[in-house]
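Note sheet for the following structure.
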Amino acid sequence: QEREELFFRALCLCHTVQVKDDDSVDGLKKNRLSRRSCIYISSSPDEVALVEGIQRLGYTYLRLKDNFMEILNRENNIEKFELLEVLSFDSVRRRMSVIVKSSTGDIFLFCKGADSSIFPRVKEGKIDQIRSRVERNAVEGLRTLCVAYKKLTAEEYSKAQKLLQNAKLALQDREKKLAEVYEKIERDFILLGATAVEDRLQEKAADTIEALQKAGIKVWVLTGDKMETAAATCYACKLFRRNTQILELTTKKIEEQSLHDVLFDLSKTVLRHSGSLTRDTFSGLSTDMQDYGLIIDGAALSLIMKPRQDGSSGNYRELFLEICRNCSAVLCCRMAPLQKAQIVKLIKLSKEHPITLAIGDGANDVSMILEAHVGIGIIGKEGRQAARNSDYAIPKFKHLKKMLLVHGHFYYVRISELVQYFFYKNVCFIFPQFLYQFFCGFSQQTLYDTAYLTLYNISFTSLPILLYGLMEQHVSADTLKREPSLYRDVAKNALLRWRAFIYWTFLGVFDAVVFFFGAYFLFENTIVTSNGQMFGNWTFGTLVFTVLVFTVTLKLALDTHYWTWINHFMIWGSLVFYIIFSLLWGGIIWPFLNYQRMYYVFMQMLSSGPAWLGIILLITVSLLPDVIKKVLCRQLWPTATERIQTKHQCLSVEQSTIFMLSQTSSSLSF
C-alpha cells in the first residue's frame with residue numbers, strides 16, 4: 001500500500017500541469033468528476049489524462065502556490081510538497097523528473113518517461129512484471145509510461161543542485177551540459193509502476209488513409225511511440241492490412257545481425273518478384289504481389305543516416321529507399337522531431353523528387369511540417385504550434401481527404417488549364433503578327449489596331465479563363481470523394497508535362513496559321529473580293545482578330561465541363577462585348593482622337609457576305625483538330641476521369657429521356 005500511494009503521489013507531482021479555478025478556460029469544460037471546481041491545462045493531453053485519472057482514484061492535484069505543490073489525499077487531507085527542481089522533458093531523454101521535499105523533510109526524485117529510458121536506469125522493483133504489462137498495453141495500442149523514484153539525502157540533493165546551477169549558468173553548450181547533469185542525477189531508480197493512456201483515433205481516420213492509398217499517395221507514419229503501440233495504431237487506421245507482411249528494421253534485429261546484412265535481406269525479400277511482376281512504385285499498392293509494411297525505429301535510422309568510415313552513407317540510404325519504394329506503407333517509430341525532418345528531407349532528395357506533405361498536431365511535428373513541400377497542422381489537444389507553422393490548418397484529420405482528393409484535384413486541373421491556355425491564346429495572338437512581317441516588308445507595321453492590342457488580354461479573353469480557374473469542376477466533388485483513384489489521373493504532374501505543353505503549343509501555332517493564311521487567301525481570291533468592300537490592311541487585321549477572339553473563347557467553352565449561368569454570361573458576354581466595342585470604336589467619330597484608322601472598318605467587313613463565310617469557316621477549321629483529338633482519345637484511350645464523365649452523361653440522358661416519356665404518358669392519359 002505504501003508503494004501504491006507513492007505511485008499516486010508521483011503522478012500527482014511529476015508533471016507540468018496548470019490548474020484553473022474558472023468554470024471554463026479557452027473553451028474547455030470543467031471536469032465534472034472533480035471533487036473541487038478546477039480544471040487542468042497542459043501542453044500534453046497525456047499529462048492531463050493521468051492527473052484526472054489519479055483524481056478518480058482518490059488523489060487530487062490542487063495547485064502550485066509559492067513553490068509548494070498541494071495534493072488532496074484519500075483522507076481529504078492536504079499534503080504540501082516543496083518543488084525544488086524540475087528536470088524538463090525533451091525528445092532525446094524521453095523522460096522528465098521533479099525533485100520535491102515533503103512536509104516531513106524527505107527529498108524525493110520522481111521520474112516519468114518512456115520504458116526504453118526508464119528500465120535501464122532502474123535498480124529494483126517489479127521490473128519483469130511491469131515490463132510484460134507495458135508490452136501487453138503497447139500491443140493493444142495504448143501509450144505507455146513508466147514511473148520510478150529515488151530518495152535523496154540532503155548531501156546528494158546539495159550536490160545535484162550545485163551541478164544543475166553550474167549547468168544553467170553556463171554561457172556555452174548549456175543544453176549539452178544540462179543533459180550531462182540530468183544523466184548523472186537520473187539513475188539508480190526504484191520502479192513504481194506504469195501507466196497506459198488510450199490515444200483514440202479521430203473519426204474516419206482509417207477511411208481517410210485508405211482513400212489516400214487508393215489515390216496513389218504513399219503514406220508514412222512518423223511517431224515517437226514505441227513499436228508495439230505504433231503498429232497497433234497502424235492496423236487500427238488501416239495503414240497495415242491483415243495480409244500485409246511486416247518487415248522490421250529495428251535495433252533488436254540489428255543487434256542479431258549487422259546493418260548491412262539486415263538491409264540486404266530485406267531488399268531480397270521485397271524485390272524477389274520484381275522481375276516477373278511490376279509494382280506501382282508510386283502508390284505502393286499491388287493486387288498481384290505481396291504487400292509489405294516496413295517498421296523502422298529511430299536508432300536504426302540513425303545508423304542508416306550515419307556516415308560510414310569511408311565518409312559516404314549514400315549506399316545504405318539508397319538501399320533503404322529502395323526497400324521503402326516497394327513497401328505499401330512505412331512506419332517509423334521512436335522518432336525524435338529532428339529525425340522526422342530527416343526522413344522527409346531524405347524522401348525529397350531521392351531520385352524521383354516526389355512532392356511531400358507532412359501533417360501533424362503537436363510541437364514535435366513542427367520540424368517535419370517545415371521540411372515538407374506542403375505542411376498541414378491539425379488544431380487539436382496538442383496545442384496550436386503545428387497549425388501556426390503550417391501552410392494550411394485543419395480541425396480534423398478526416399478533412400485531409402476532401403482537401404487533397406477534391407480541392408487539390410480541382411485546383412491542379414484549373415491551374416494547369418489556366419497556365420497553358422494563357423500560353424495558347426497568346427501564341428494565337430502574336431504568331432499572326434510575326435507572319436505578317438513577311439508580307440509588309442518588315443516595316444514594323446502592326447497587324448491589329450492599338451485598341452485591340454491593348455484590350456485582348458485585359459477585356460476580350462481574360463474573364464472567361466479567370467472564371468474557369470475559380471469554378472471549373474470536370475467531375476463532381478461527390479464523385480472525387482467516392483472514387484479516390486481518379487486522383488491518379490493528375491498525379492506526377494500529368495497535365496503539365498512536356499507532351500501536354502507541346503500539344504498546346506502546336507494547337508496555338510496551327511490556329512494562328514489558319515487565322516492568317518485563311519484570311520490572306522480570302523483576300524487573294526478575286527471572286528470573293530470583286531465587290532470592292534474588303535480592302536486594306538486594317539480590314540485584314542480586323543478579320544484575323546475577330547476569328548482569333550471567337551476561336552480562343554470557344555476553345556475554352558469546349559474545355560468547360562461545369563456550366564453555370566455565370567459561365568454563360570462571361571463566355572458569351574465577352575464575345576458580345578467585343579462586337580459592341582468594335583461597332584462603337586469604328587462607328588463613332590471620337591473627338592479626343594487625332595485620327596481614326598478603324599473608322600467604319602468593322603461595319604464594312606460585316607456588310608460583306610464572304611467575310612461572314614470566312615469567319616465561320618476559319619473558326620470551324622481552327623477548332624476541328626482539338627475536337628477530333630478529344631473524340632478519339634475518349635473513344636480509344638479514355639482516362640478514368642473521362643470514363644466517369646461519359647457514364648454521368650449517359651445517366652443524365654437516360655434520366656432526361658425517362659422524364660420526357662413520363663410527361664408524354666401523363667399527357668396521353670389526360
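All positions are counted from 1 along the displayed chain.
The backbone N, Cα and C atoms fix where each Cβ goes, glycine too.
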Please find, within the list 157-184, 185-212, 437-464, 465-492, the residue stretch that TrEMBL describes as coiled coil.
157-184
Looking only at residues six or more beyond either end of the transmembrane segment (451-471), which have a C-beta under 8 A from one in the stretch?
414-415, 417-418, 421-422, 425-426, 429, 541-542, 545, 549, 552-553, 556-557, 559-560, 562, 564, 566-567, 570-571, 573-574, 577-578, 581, 585, 598
Counting all other Cβ atoms within 10 Å across every protein chain shown, which of the binding-site residues GLU47, ASP361, ASP365 scores highest?
ASP365
Return the count of C-beta atoms lying within 10 angstroms of the C-beta of ASP225 (ATP binding site), excluding that atom itself.
22
Expressed in Å to no decimal places, the gap between the Cα atoms of ASP225 (ATP binding site) and ASP361 (Mg(2+) binding site) is 15
Using Cα coordinates, what distance in whole Å links LYS340 (ATP binding site) and ASP361 (Mg(2+) binding site)?
14
Give the mean pLDDT for the coiled coil (157-184) on the 0 to 100 scale.
88
Are there any residues in the same chain, six or more apart in sequence, whose C-beta is under 8 angstroms from the C-beta of THR223 (ATP binding site), and if so which?
ALA230, THR233, LEU331, CYS332, CYS333, MET335
